[in-house]
Amino acid sequence: MDPSIVGSSQFGQLFKTLLPGSYNGAPEQIYSQPLVYTTSDGVQYIYVATTQNNLYKLNAKTGAIVAQRNLHIPFLTADLNGCVDINPHVGVTATGVIDPDTDTLYLTSKTYANQSGGNGPQGRPAGRYYLHAINVNDLSEQPNFPVDLEGTVARNNPIRSFNGGIHHQRPALIHTGQFIYAGFASHCVQWNFTGWIMGWDKTTGANVERWAMEGAGVPNTTPGGGIWMSGGGISSDDAGSLFLASGNGYASQLSTIPVNGRNPPTALEEAALHLTINSDGSLTIVDFFMPWEKTQLDGADRDLGTTPLELLPSEFSCGDIKRIGVVTGKSGKTYWLNLDDLGGYQNGPNKLDDIIQVYQNENSVYSGAGVYPLEGGYIYINVIQYPTHVFKFSCSNGAPSFTKVADSPGNNAYVLGTGHGTVTSLNGQPGTGLLWTSDVQGLNLRIYNAVPQNGNLTMINSFNIPGVTKFTRPVFGDGRVYIGTNLGYIYGFGSPVNLPINCTSPLNFGTANLNTPTAQITINCTTNILVTVSNITLTGDPNFNISGLPTLPLTVAADSTFSFQAAFNPQTVGPLSSDVLVGTTNGIAGYSISTPITLRGAGQSVNPLLVVSPVTLAFQGVITGAQVGGVNESVIFTNLGNSDLTISNILFSVTSETGPFVPANITSSGSQVGPFTFIGLPSVIPGNSGVTVTVNFDTSVSGNFATYINVLSDGGEKIFDTVGTSGSAPVALLEFQTPDGQEWVQYQQGQNFTFGNVTENTTRYLKMRLTNNATADSARLSLTVSKPPFGVAGIIGANNQVDLAEGTTLAPGENATATLYCSVPKEQWNTDPYSGNAQWTMNVDDPNFGKQYIQFDCNAVSEQAPPLQPNGLGFYRYTGCFKDNNPGRQLKTQLYSSPNNTEAMCISVCTAAGLTFCGTQYTQECWGGPNIPNLMVDDSNCNYACTGDVNQICGGNGVGSNAGGSYISLFADSRTFNGNMTTTTPTGPFVNPGVGGYTSLGCYTEGNGVRALQQQITPVAKTVANCVAGCSASSYQYAGLEYGGECWCGNYLGTGSVPTASTDCSMTCADNSTEYCGASSRLNIYQRGNGIVSLSSSSSTSSSSSSLATSSAPTLSGNFSTTLTSSISTTQPAMPTPTGPQIKQFVGNWAFQGCWTEGINTRALSSKTYANDSMTLESCAAFCTSYIMFGVEYGRECYCGNILAPSSMNATSQSDCYFLCPGNGLEFCGASNRLELYAAISSATSTTVASNTSTALTNVPTTIDTATMTKSSVTLSSSTSSSQGSALSTVVPTNSSTISSGSAPSSTSSAITSSSTSVSSLILSNISSGSVTSSASSATITLSLASSSSAVPSTSSTSTSTQTEPTIVPSAGPYRYLGCYTDATNARALSSAFYPNNTNTIALCASECSAYTYFGAEYGRECWCGNSFGAGSVITQDSDCSITCAGDPTSYCGAGNRLSVYIKNGTLSSGGSNFSQNLVAVPALIGTSLLSQSLSTGTSSSSSVVSPSSAPSTTSSSLLSSSSSTSTSSASSTSSKPTPAVSPGNANFTYFSCVTEPSSGRLLPSQVLYNGTGMTIEMCLSTCWDYAYAGVEYGRECWCGNTLNVAGNLGATPSANVSDSQCNFLCPGNSTEYCGAGSRLNLYWFDSVKAAANANAGVVVGGNATSSAVSVPL
């Protein structure tokens, strides 16, 4: 790698290749390093293996994937008990090796034994490891491979065997001769593992070595000795030896007795090892080293083997030490070892280490050292959270030493992830060394000049690469560099290879004396193409100069030359280099615009020249008395001159660099000043050589110490400082918040931390705090092991892996926290509580702490509906989601249908009815029965929100293959249900279905002033059978039981006796407690056979007749087509007895409309319902007397309503309604999802339809309250063509009110005046210029409805007008209308959030979705949010969105599979697969103004809407209303909708600003509210009344606190004030004010002055005070 190219602007990203693998939706991750290899075809390729066990072959120049294959399914992290170091897959994680002799790639992969076991976890015992041998040309497997490693028995300890599930192969494989070797460790030091070295014959795959690090004599229950080395490889000297380092263990065979390195123990823990390869491939341990504090390192989990044991090149030999190795552990100590005498255990002075040198870094190290053997030799150590340290090699009197001389300009990552140091050069030339480091934070790839300058590394280039994997390193090939990521990408960097000119380069000036210029040398350049030379510049240090430059710009033809001169004038000693950059403008594409020319030379000094390095020698974090004899570091005295250097004097001071100076205490070791002893101070230093001075720090006494040294010589004067700090050991204090977040609980081993009870669908966040509780003079506390429960399955987890990460250090008195959560998923009411548990493995360097497996518990609970058991749980337990209509109704008794439906409400009614099973369905229905439904399905199929509480589930319509079905949320009484998912034997009491030829009609009310049944008899016993027998004996049509046993008979039901809820008949029979016998004013009615229910003689009330000319039947929000008979009287003549089941064209005053489908995801008729096993058309008609329509479904269900769901359609075949009525086998009562539909014909109204004209009742009103209607005649006249249906609509009933509709005029004005008396009006629909076609044909329809006397009076000034048709709302808040869109293909168009609501409006949906880019309304009541569209969602015509909003019938809210879509202003839409930036033309506007007067103030508003169909150019209407007590104005006024604004606060709080969160940490500590539907500023401020600050974020989160954490966590970007426009989320509970935004808070402060003033005035907000509210204007 050429530094002049790497450091230039021409060096950059060449490609970024996405590896296409995806397993369980996760992208590829690359933990093994890519391998670059040139095959026999001369092409260079990159080989990449992933954690998903996929292997890829890429072209190294282009990044194109040329081949790929899968090895196995991956092993899943879910099987590793919370060890998420590599997540979510563990496949290939070790770097493979290529044998160039056979073109074979060897690698290992982790998988499962069963390759057909699905894509879920199979358990650790099923884990397997395989060794593969892959042909690099076609990626095929070589013969005899793969090799299964499962069950391999250790050669040195037969009681140990290998299990792939618990072991992990992380270090790189090594190939030497005929053999392949690999090392193994564990996952997060868990389970009964041992480190392994395994070897195989590369041809046959035969196992040649199986060495366990926990060897002979170590029980198989003792774990330890893992070989992982942060992914670094086993080293080979290519002379038959291997070298490696191992992790901590627990056999601890060595303690206080020194052991020679040639006599290793059998438990090789915390060890550096030298092994020899025998002829058969087996290994023999020949030497070892263990740190003297091995047992302490074990206790603190401070592995020696966090980095590989690297072999330094021969340039680092010195004296008798020919081979040196370097390894750094988790303790932060870097060890330089004599590879031929590693040192054994405690063989040094004072039983310390017998090694070359040790250096204590500030923190742990997880990366191999970078090594540069040129220019004197340098070693680079990447310390986490601290700079990369540079050590200079020196050899003095046959003793090698390494002195820290420089640092990188910035710190490495705070978390684990700094990569292995890698050094390159240009063909081994001095002056071309580059140090490459990777990191998971900051600049992810950094390139430095290998030789530091003035104590610092110089960065020449850097790149940001998202997702760089921890412990990785760049790899190289042909001037290019490659690096993989955990996001599935391979990046390639390099420079264009085509240079426009060739110049003399490199230009070497040789050696020159300081400040003595050399002769000039001519640089000749020859052009390859036509170029224009625009500039020639010199970069680098000022040791070179150029002259004789041509006049610029210079245009040079191809194959022409130009020249200039360069000279060398060294300003310092040593190898020097600079670059000349020739900038060009090229006429041909593909050529570089900059050509580098390298200038090199070496400076020398004839005279002696003294350099001392480092200038400050620091002993940091030393524990007092921990190491006998103190600790050593070194400083280098170097003579850079050619002549010998003589030191004339060395002065010492303990005060400052300028003195006063004191004499040193001369000891046998050297000069001693304070606690520092300087060993080996030289007097003469030969030319071009150095002397290493060892400095010993006596740590027997705590304190801060410094000595300043002034060295005087004939080569100059130099000063260096020596400082040291020694203190007591750190003391760890670990705490966890109490469940209320107010207190802290100290950790005790064996005692779990707890979140307490957390309710379903909520999350509780608590913090764990670690404090260094030692005295001020103590050492820093370091986290040596930290494995948080991040990304693990279960309800407990850590927020991230950054807080309290391994390597975190804390000064005395300092603490750090990590946030954990317990997040309980949504559950049904009355589910059983369950516990969650998670583990955080932690260790620190407090010698008394030890490894801790910290346990966290959380008790997940759901709401419980009474009746309750003594333990607080409900008797009715949630049993599951069950399929209905399987076949027929599974629960037979409908208990009610209510807009207030909840689970608790249904359970309460079910309890009163004494039913074992009850269930909620269709959002608002409650059903019960004695038998459990047949089929339980997955809970996801129950997906409807209860109408009474959107956070509860009340049945559903299924998902996936079950979509469109009907499902029940089922509860079972634990007192009568044994838990079996099978039908249980009924235990009663129940409604007797029938006996003695009579069948049950259900529960009926008594009549109005008359008895339901007129004749009472007294049977011998009060049972259903005895009563029926008595009535039958007298030939009565009906029998009824009341008050628990009264028996009544009759041939018709008295006036006002109507069906009611079955639960109303709640009294059991006095002589049979298993059946019901009515209740007070309630009768269980039974009917002889299947006769027709007869009403009293007064039921035929009209003397007028209602006749219909032969025509098509009226249409109810749809397309009815059933033909009515030509003439019918309301007083029906006797009809002949039918001989078989027939469709009844009329039932009383009701006309048959056909067989109709149920609505899509809604009920066709939804106003009122009941079910009965003796259902007849007549009983349903009687039940629905106050409604326009009724329908019977499933044979036994009766539904009433005034509107028919738009998605309900006339069935293509009337025979679809084939269920016989159970109460009358001669009638049809619908079928499954089919209704036998009837519409009312008023007896007081004459209805006439012209011949050949179909009359449509269009968009029947959304609500009708007939109880408040007067007897009025409402007439609609319309002109229609014979082929066009006329619109039948009704208006608020007033005397002689008439509306005409035809071709609409261009402008219409109307007004309606009403009092405050509640009047329910029938809303006009679809009367616009586009809804009726003018024709000569006409029809007049009159409809009469009864009401109370509180009618609207008619006055001469009263005029009546139609309301305008439903329209498209053009905008809502920050959103504008985008169009009508289809739903996505097999998915939702918008799927991020869902808010169904029976009062849905466009404005409400906009508020719910304020955090998203898009929202859409569908089916009238559904609100969907998202930031992107599902595949297949396309724009369609606006008229497709034809369903009005459930909460606003004047506006459109989508339709079936159609969404009215809105986009946030300022957003460039990408909606839909066919989306066009050109929106459709906006139709004409219809303006509406509403003026109302309240008791105290006049208010006004206006809105603009867009009609989806053709509309008059202008239509306006106004509605004037006033209260009954006050009239302040009769004038109409108009004002715009209030613009959202920032709330100024309340009585206590004053608005501060919109502020950002810090990039890490929270500005305010306590989240007190989370409300996605009702959050307002006032709600938050009232809750935070006793805090100093309050803020609202994300529209729904309320945060409080007494301090502002502006700085955030360590290293975070602080919080800052920003423009109020950045807090742009509307409050869901008040769309006129803002509630922060993403990572933005509307911040308020407690204004004590204002609060005091308001308190004096008696105004209090929050707390326990009660007072008048404070109104703050917006």
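Cβ from N, Cα, C; glycine included.
According to TrEMBL, the protein carries these features:
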DOMAIN    875-970  domain 'WSC'
DOMAIN    997-1089  domain 'WSC'
DOMAIN    1149-1241  domain 'WSC'
DOMAIN    1374-1465  domain 'WSC'
DOMAIN    1548-1647  domain 'WSC'
REGION    1499-1542  region 'Disordered'
## Note on the structure
Reduced to three DSSP states, the domain 'WSC' (1548-1647) has 10 helix, 40 strand, 50 coil
### Message
Limited to the domain 'WSC' (997-1089), I'd like the whole-number average of pLDDT.
### Response
89
## Note on the structure
The DSSP breakdown of the domain 'WSC' (875-970) into helix, strand and coil residues is 17 helix, 37 strand, 42 coil
### Message
Just to be sure I understand, if DSSP states are collapsed into helix, strand and coil, how many residues of the domain 'WSC' (997-1089) fall in each?
### Response
13 helix, 38 strand, 42 coil
### Task
List the helix, strand and coil residue totals of the domain 'WSC' (1149-1241) as derived from DSSP.
10 helix, 38 strand, 45 coil
### Query
How does the domain 'WSC' (1374-1465) divide up by DSSP, counting helix, then strand, then coil residues?
10 helix, 37 strand, 45 coil
